[in-house]
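As structure tokens, the structure follows; a few thoughts come after it.
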Amino acid sequence: MAKKKDTPGDGEFPGFSDTLQRTPKLEKPHYAGHRDRLKQRFRDAPDALADYELLELLLFRAIRRADTKPIAKALLNRFGSIAEVLAAPENLIAEIPGAGPTVALELKLVEAIAKRSARSTVMEREVLGSWDKVINYCTAAMAFETREQFRILFLDKKNKLIADEVQQTGTVDHTPVYPREVVKRALELSATAIILVHNHPSGDPTPSRADIDMTKQLVNAAKALNITVHDHVIIGKHGHASLRSLRLI
């Protein structure tokens, strides 16, 4: 009968147990557990989270094993608000310490989804009856652009949005607009009405003299071909101006 092999005991390896006891335990990084707690706080009360905490959560996907709080705060310090962080140029986001191209891409993806979501609320709908949604969409799309954009919303005879196009992109304070090209594009799309929209990167939506004069030229050019200009809306960072509401059309 084979003799059972004895299992070595502590006495056979002097000092072995002492070595185990002296081996320091690996400490978890200080942010371990913080991610789970922050996720749970979001589930319980998303509106209670600070802006930097929402950005932290967003960065979890792009940054797997690091504390995202300093990066989130640095982004807000650099650009101002969540909306301005998302609208910031990709190369400037990547310059933030700890961010890099992966974080920049993640944020631009979220911005694109937000714009697409806002746009879906106005496409193929009666625009004049959904004016707040139109303004919300234009604000999401243009308010934090660093250069002026001239956008046209083309409508059919039922005032449903059939196309939304950026016709021109200019400088920080000027966008060239050509009434003939605007009217030509409306005819190509069989649009019977249009809404003009452009942004002021300065943040102040007050129409300039040039804005007013250009609008009048466009109204006259469109009227000659039975195309109605419903409004010209100027988008700022914290508000908008309607030339029709101001009785400038």
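Our numbering is plain: 1 for the first residue shown, then up by one each step along the chain.
Every residue, even glycine, has its Cβ placed from backbone N, Cα and C.
Copied from Swiss-Prot, the annotated features are:
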type	residues	note
BINDING	His198, His200, Asp211	Zn(2+) binding site
COMPBIAS	24-34	compositional bias 'Basic and acidic residues'
DOMAIN	127-249	domain 'MPN'
REGION	1-34	region 'Disordered'
MOTIF	198-211	motif 'JAMM motif'
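Taken residue by residue with DSSP, Asp211 (Zn(2+) binding site) is part of a helix. Within 10 Å of the C-beta of His200 (Zn(2+) binding site) there are 23 other C-beta atoms, taking all protein chains into account. The Cβ of Asp211 (Zn(2+) binding site) lies under 8 Å from the Cβ of His198, His232, Ile234, Leu243, each on the same chain and at least six residues away in sequence. Averaged over the domain 'MPN' (127-249), the predicted model has a pLDDT of 91. The domain 'MPN' (127-249): residue composition by secondary structure is 41 helix, 37 strand, 45 coil, according to DSSP. In sequence order, Glu148, Thr175, Asn199, Pro205, Pro207, Ser208, Ile234, Ile235 are the residues of the same chain, not among His198, His200, Asp211, whose CB sits within 8 A of the CB centroid for the Zn(2+) site.
Residue density at His198 (Zn(2+) binding site): 26 other Cβ atoms are found within 10 A of its Cβ, drawing on all protein chains shown.
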